[in-house]
Amino acid sequence: MAFMSMERSTWAFTFGILGNLISLMVFLSPLPTFYRVYRKKSTEGFQSTPYVVTLFSCMLWMYYAFVKSGAELLVTINGVGCVIETVYLAMYLAYAPKSARMLTAKMLLGLNIGLFGVIALVTLLLSRGELRVHVLGWICVAVSLSVFAAPLSIIRLVIRTKSVEFMPFSLSFFLVLSAVIWFLYGLLKKDVFVALPNVLGFVFGVAQMALYMAYRSKKPLVASSSSAAVAAGLETKLPEHVKEVQAVAKGAVAAAPEGRISCGAEVHPIDDVMPSEVVEVKVDDEETNRTDEMAGDGDHAMVRTEQIIKPDMAIVVEV
């Protein structure tokens, strides 16, 4: 019996070390995403929710490991996870739009400070010994299930856009591997709170990998540069004066019989444009810059989005 117990302990320690290494890979798998965020100085529609929830989960598991004896391997990996997730969130807050920063800050205050503080206070004051371990264990199980379910929004996004841009394969692969290793660790340690949530983690990880294989060769429904905006349900809004210019252009083109209007100006197709004969109007969020380039005998008009007819002048509206 003593030999079997020692062998079980050895295997548990081995799987614990493997779990630490693989979980570290899981924590580091979003690095390409955040390198891209750093390089482009934009979060490009990526959400912070999975990272906030993961940080909260690491904090709770560290607390659980401190309360439960013989769980040092849980302390090490979750401590490292807290540091890594904090770095990710700091980068997100640095480059996200104001609305996303505010939402992330509210989640951090409410979840990682508020709720964690309440849980710590209640378990310290109202429970002791094994009861405290069990209360914390079930809380950790519930939060871990939330962490594994957090990518559901990404799965929905992949199905809608038919693009795997927002779901790295490496993350899904390491989630499956991590779930298997930690399940075996919990089984050998007879810790149901560690083993149970990793069953669902394995299922979600396999689902993500299957989705990646299904959509990796499909053409996205939206262009890569605009997929984030489409995914977020955003719509490009033009200034009112640009809309008025577009309306005038449409009316002028529609009213011109056989390519001419009464004032003598001609309506030319976009293909007939001469680049050297342009008056360009670039529309900015705050100001309008005009660049005039006049050359040649005729006065032609080139319009990128719409054509505007005006005597003796050609106008380009670039939106």
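Cβ from N, Cα, C; glycine included.
Since this is a predicted model, take the numbers as computed values, not measurements.
The average per-residue pLDDT of the prediction over the domain 'MtN3/slv 1' (13-99) is 91, rounded to a whole number. Per Swiss-Prot, domain 'MtN3/slv 1' is recorded for 13-99.
Annotated domain 'MtN3/slv 2' per Swiss-Prot: 135-219, in sequence order.
Per Swiss-Prot, the feature topological domain 'Extracellular' maps to 1-10 (among others).
Taken from Swiss-Prot, the feature topological domain 'Cytoplasmic' applies to 32-50 (among others), supported by sequence analysis.
Long-range neighbours of the topological domain 'Cytoplasmic' (94-106) within the same chain, counting only residues 6 or more positions beyond its ends whose Cβ lies under 8 Å from a Cβ of the stretch, are 37-38, 41-43, 48, 52. Look at Swiss-Prot and you will find 94-106 (among others) tagged as topological domain 'Cytoplasmic'.
Under DSSP, residues within the topological domain 'Extracellular' (128-134) fall into helix, strand and coil as 6 helix, 0 strand, 1 coil. For 128-134 (among others), the entry in Swiss-Prot reads topological domain 'Extracellular'.
Look at Swiss-Prot and you will find 156-167 (among others) tagged as topological domain 'Cytoplasmic', backed by sequence analysis.
Residues annotated as topological domain 'Cytoplasmic' in Swiss-Prot: 213-319 (among others).
Taken from Swiss-Prot, the feature transmembrane segment applies to 11-31 (among others).
The annotation transmembrane segment is assigned in Swiss-Prot to 51-71 (among others) on the grounds of sequence analysis. Residues of the same chain lying 6 or more positions beyond the ends of the transmembrane segment (51-71) and with a Cβ under 8 Å from any Cβ of it are 30, 78-79, 81-82, 85-86, 88-89, 92, 104, 107-108, 111-112, 115-116, 119-120, 123, 132-133, 136-137, 139-140, 143-144, 146-147, 150, 189, 191, 193.
Sequence annotations record features per position, and here Swiss-Prot assigns transmembrane segment to 73-93 (among others) based on sequence analysis.
Summarising the annotation, Swiss-Prot assigns transmembrane segment to 107-127 (among others) and lists sequence analysis as the type of evidence.
Non-local neighbours of the transmembrane segment (135-155) in the same chain are 47, 49-50, 53-54, 56-57, 60-61, 63-64, 67-68, 119, 123, 127, 166-167, 175, 191-193, 196-198, 200-201, 204-205, 207-208, 211; each lies 6+ residues outside the stretch with a CB under 8 Å from one of its CB atoms. Per Swiss-Prot, transmembrane segment is recorded for 135-155 (among others).
Annotation source Swiss-Prot lists transmembrane segment at 168-188 (among others), citing sequence analysis.
Long-range neighbours of the transmembrane segment (192-212) within the same chain, counting only residues 6 or more positions beyond its ends whose Cβ lies under 8 Å from a Cβ of the stretch, are 64, 74, 137-138, 140-141, 144-145, 148-149, 151-152, 154-155, 158-159, 164, 167, 169, 171-173, 175-176, 178-180, 182-183, 185-186. The transmembrane segment annotation in Swiss-Prot covers 192-212 (among others) and is backed by sequence analysis.
The stretch from 11-31, 107-127, 168-188 with the most CB pairs below 8 A to the transmembrane segment (73-93) is 11-31. As a summary of secondary structure, the topological domain 'Cytoplasmic' (156-167) carries 6 helix, 0 strand, 6 coil according to DSSP.
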